[in-house]
Amino acid sequence: SMDSGGDSSGGGAAAAAAKWRTDATRAFQYYLDRSTPHATGRWLGTLVVAAVYALRVLSIHGFYIVSYGLGIYLLNLLIGFLSPMVDPELDPSAAAHDGPALPTRGSDEFKPFIRRLPEFKFWYAITKAFVIAFVMTFFSVFDVPVFWPILLCYWIVLFVLTMKRQILHMVKYKYVPFNIGKQHSISLFILYRFIHHHIM
């Protein structure tokens, strides 16, 4: 009877823990859903999280490899945020029918830009990445000794080359990754062309 009592209490604790996890997940999802329309507040919160992470790294003078990995991940998210859902380079026929295009004549119908990575998922992934990176700074196994200026220079070069490629992609397929209306989109497109011809 003692064994059955032990099993019962163990099973009760496991059930209670599972219920707590379920309730916590539901509560988290509830507040996450409620935050969806409040983009400004969400991004301000993320800036605070990013500042806390930066202060943590600067104060302990370490975990630069974690910061580098975080930077590469954020760059990858940014490209997804700036890219159309249908990539005309990979599927020209689908892009011609469904993909967003920049109108060049007044009679053209303006199609809003549909992102490969929506704004909410972009924000959530960035925030989660900073939180995970912050937690990693409490484990010395991730503090790999590196010469951080080299990593910084390499990331800057990678950022410039990646954004140059993205801008060229925008110019080639005539799209603007912001829903700001036709006239402003055309103005941005002209700016992209100027950058392409005079800077790149």
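Backbone N, Cα and C atoms are what each Cβ position is placed from, and that goes for glycine too.
According to TrEMBL, the feature transmembrane segment maps to 62-82, 122-140, 146-163.
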Sequence-remote partners of the transmembrane segment (146-163) [C-beta within less than 8 Å, at least six residues beyond its ends]: 64-65, 67-68, 71-72, 75, 79
Intrachain neighbours beyond the transmembrane segment (62-82), with Cβ under 8 angstroms and 6 or more residues off its ends: 115-117, 119, 122, 125-126, 129-130, 133, 136-137, 142-144, 146, 148, 151, 155, 158-159, 162, 166, 170, 177
